[in-house]
Amino acid sequence: MATVAEQWVLVEMVQALYEAPAYHLILEGILILWIIRLVFSKTYKLQERSDLTAKEKEELIEEWQPEPLVPPVSKNHPALNYNIVSGPPTHNIVVNGKECVNFASFNFLGLLANPRVKATAFSSLKKYGVGTCGPRGFYGTFDVHLDLEERLAKFMKTEEAIIYSYGFSTIASAIPAYSKRGDIIFVDSAACFAIQKGLQASRSDIKLFKHNDVADLERLLKEQEIEDQKNPRKARVTRRFIVVEGLYMNTGTICPLPELVKLKYKYKARIFLEESLSFGVLGEHGRGVTEHYGISIDDIDLISANMENALASVGGFCCGRSFVVDHQRLSGQGYCFSASLPPLLAAAAIEALNIMEENPDIFAVLKKKCQNIHKSLQGVSGLKVVGESLSPALHLQLEESTGSREKDVKLLQAIVDQCMDKGIALTQARYLDKEEKCLPPPSIRVVVTVEQTEEELQRAASTIREAAQAVLL
């Protein structure tokens, strides 16, 4: 039976060959010949070799110009013209040998040179030494780390907290710990560089909405909702995150958190709140933007902040529910693979928290000074104030750009230099121009601290006004 079947198949093939159109047979024949040629032909052809004479070799060597090891850099680049600070960057700072009032460092609560903080750090140094020489999971966890995490969780009124040894890596590690490829992140276009690096590491689908524009965010959420309805199976495994800052580093503006919380529950998203600038600043007790708006901490899925501003230490922390925070102990890259925070800095942060809890009036003092400098800087010729009146970090931008970013930077730097000559230390906001997703305009950053007196605030405002008139008019 098998032989008969094989003969029948052969007969059908021959019959099909006779019935096939001529062009079909020609095409198949060409393809067969092409395949045979590809199989037996060589992948390359040997070219006739032509040896160069010694004279020709020497001429080629003399003509050859090597590429520079590094790209050419302008002599006016800020990295090549840095200021040298002598001593701690406290209320009064010595820059290039000249003593100035510090309006550049983020020492909001003036704790950097606080005697209690320094004494605690010295005591911890004698007990633990300088560093830990290992990550938290490899003999890098000291009792003072656990104490600090407990204190931070208690202060923020959350279940648990986790600390990182570097402020920048905190949010940059937290985002990719939860959001992976295939997930969707809705992020404010003015997000700081640390958030941008976290987004990049997550490999998630990033959707930017206009700065503090709740309507634009809802538009994106609605579009995603429509997409989810088309593919409900995929939607069930896709996580959605909203990433914002409490006070934006690049603009000094506050996020509309109440409206964001409403959108969170309406569209079933999770909120990550970066509070490096608002922690220790906003709220009656310095707990940040949630306390400022009176929003329950449970409405926020994860809060992140660094300890390098208000706490005048180093590192950062995340806080929230225990099951959320514990996930970072296994998935937070900066937590798992970096040496843990030096114990002396953890002890200093604990003492800074003690001072914040003992002196809650300090936040009202800072708020008043922020409002005063914000008001005093209004109407400066050629400059506009960008930022909320309650933000301790304001931006001064040119009212009208020259059309060239390089020229704008030079004009603002001339104002900074004149202020420095008159004893007011300021700085321009610096960015990695080629790596920023949405590059902010050039600006001068003015930082307010509780240590600055009213007379110094007014002096700074008048000095900036005079420098702007001299440079821009």
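The count begins at 1 with the first shown residue.
Each residue, glycine too, has its Cβ placed from N, Cα and C.
Listed features, source Swiss-Prot:
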type	residues	note
TOPO_DOM	1-15	topological domain 'Lumenal'
REGION	1-66	region 'Interaction with SPTLC2'
TRANSMEM	16-36	transmembrane segment
TOPO_DOM	37-473	topological domain 'Cytoplasmic'
MOD_RES	Tyr164	phosphotyrosine
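The list of residues near the transmembrane segment (16-36) in space but at least 6 beyond its ends in sequence, with Cβ under 8 angstroms from a Cβ of it, is empty. Around the residue listed as 'phosphotyrosine', the C-beta neighbours below 8 angstroms that are at least 6 residues distant in the chain are Thr170, Ser173, Gly315, Gly316, Phe317, Cys318, Gly332, Gly334, Tyr335, Ser338, Leu341. For the topological domain 'Lumenal' (1-15), the predicted model reports an average pLDDT of 63.
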